[in-house]
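Reviewing the structure listed below.
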Amino acid sequence: MGGCAGSRRRRLSDSEGEETVPEPRPPLLDHQGAHWKNAVGFWLLGLCNNFSYVVMLSAAHDILSHERTSGNQSHVDPGPAPIPHNSSSRFDCNSVSTAAVLLADILPTLVIKLLAPLGLHLLPYSPRVLVSGICAAGSFVLVAFSHSVGTSLCGVVLASISSGLGEVTFLSLTAFYPRAVISWWSSGTGGAGLLGALSYLGLTQAGLSPQQTLLSMLGIPALLLASYFLLLTSPEAQDPGGEEEAESSARQPLIRTEAPESKPGSSSSLSLRERWTVFKVWMMAGFELLFFRNTSLSHAQQYRWYQMLYQAGVFASRSSLRCCHIRFTWALALLQCLNLAFLLADVWFGFLPSIYFVFLIILYEGLLGGAAYVNTFHNIALETSDEHREFAMAATCISDTLGISLSGLLALPLHDFLCQLS
């Protein structure tokens, strides 16, 4: 955070009771400037926080590939599909499902989110952001220089720690800013999906090795730290009591004795969010099995295109809150179930004649997933009281991550079963 605002923010989270004299409310021009700084700041935080997570998913097929040479210096072949890893199966399967990368990318996040209400409040915001940025940078370096799948998965775990800690931290932080920053954060996370998948696809298609591609992304963690420490303004610029409220909340347990207040129907939206996430990411883990031989794209390139198109749909819908607000998110869950059934049927029977039909379906799936994310958090912001909003934002992350973890666990036996088919 810049200038005096940065010093006030650090005092906000790091001090233990230092008294300050409240400053007068800033003039309208300064208020508008602070609004846009915070909007851009939260968009960049969403982008940078989820970037390493998305890149690891996009690189999942490369991480598990048996054709990578020592030092991860293999050149990405833009030509036709290579010889299948499992010639007895029509799916060109890796011996390990990409769901293994998904689990490494999400289980540490789940642990962080489950433990966050018990002790994360003891750690001020600034150290949390520093740890998140360091873990993100470490993940790129470790996977880039890895010589084995096991070491690569350790790098994926670092990306998961970064993403999970950052999401809990920044969503809790939105409670001390105007509600509009939630839509900017959501749009930024959608942008991370699109830019992360597109950059990995584009750079490898251009001829860079996976190692060179990952190392070129080390500027993203630096941008995360700059956005938090140099761009965001102090909450008091929005609310004269914001600093005292945030400082007090940073030292209070996230779990309270009383239940969070909410409007009727809000609890059901959380359970539905968990349900649709299971279907959504189960399908993502099955992308690896949607393999077409009648195309010039290799299997690895097909997988990268699936990830990029899905994330493009997510970005578009997560940025649409100002244009379209969906109150009944259960409808999105139902449509996700239909998508899952249709694509599983195609994996089994192979009735789609071209990969371009799958491209359209995956883009549509991304639109559904992104809309469910941003509308769920928007509904929570509207339906919870001010004193409970920080807790509600952090707690809701758990349902999302739990759904992804369950989908990864289900995808592992599904992958093995389908790969045994001739």
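Positions of Cβ are set from backbone N, Cα and C atoms, glycine also.
Automated prediction, rather than curation, is the source of TrEMBL annotations.
Noted in TrEMBL for the protein shown:
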{"type": "REGION", "residues": "1-30", "note": "region 'Disordered'"}
{"type": "REGION", "residues": "238-269", "note": "region 'Disordered'"}
{"type": "TRANSMEM", "residues": "99-123", "note": "transmembrane segment"}
{"type": "TRANSMEM", "residues": "129-146", "note": "transmembrane segment"}
{"type": "TRANSMEM", "residues": "153-176", "note": "transmembrane segment"}
{"type": "TRANSMEM", "residues": "182-201", "note": "transmembrane segment"}
{"type": "TRANSMEM", "residues": "213-231", "note": "transmembrane segment"}
{"type": "TRANSMEM", "residues": "328-349", "note": "transmembrane segment"}
{"type": "TRANSMEM", "residues": "355-374", "note": "transmembrane segment"}
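Ranked by the number of CB pairs under 8 Å to the transmembrane segment (213-231), the listed stretches 99-123, 129-146, 182-201, 328-349, 355-374 are led by 129-146.
Contact between the transmembrane segment (153-176) and the transmembrane segment (99-123) is supported by 3 or more Cβ pairs under 8 Å, counting only residues 6 or more apart in sequence. For the transmembrane segment (129-146), same-chain residues at least 6 beyond its ends with a Cβ under 8 Å from one of its own Cβ atoms are 48-49, 51-52, 55-56, 59, 63, 71-72, 152, 154-159, 161-163, 165-166, 169, 210-211, 214-215, 217-218, 220-222, 224-225, 228-229.
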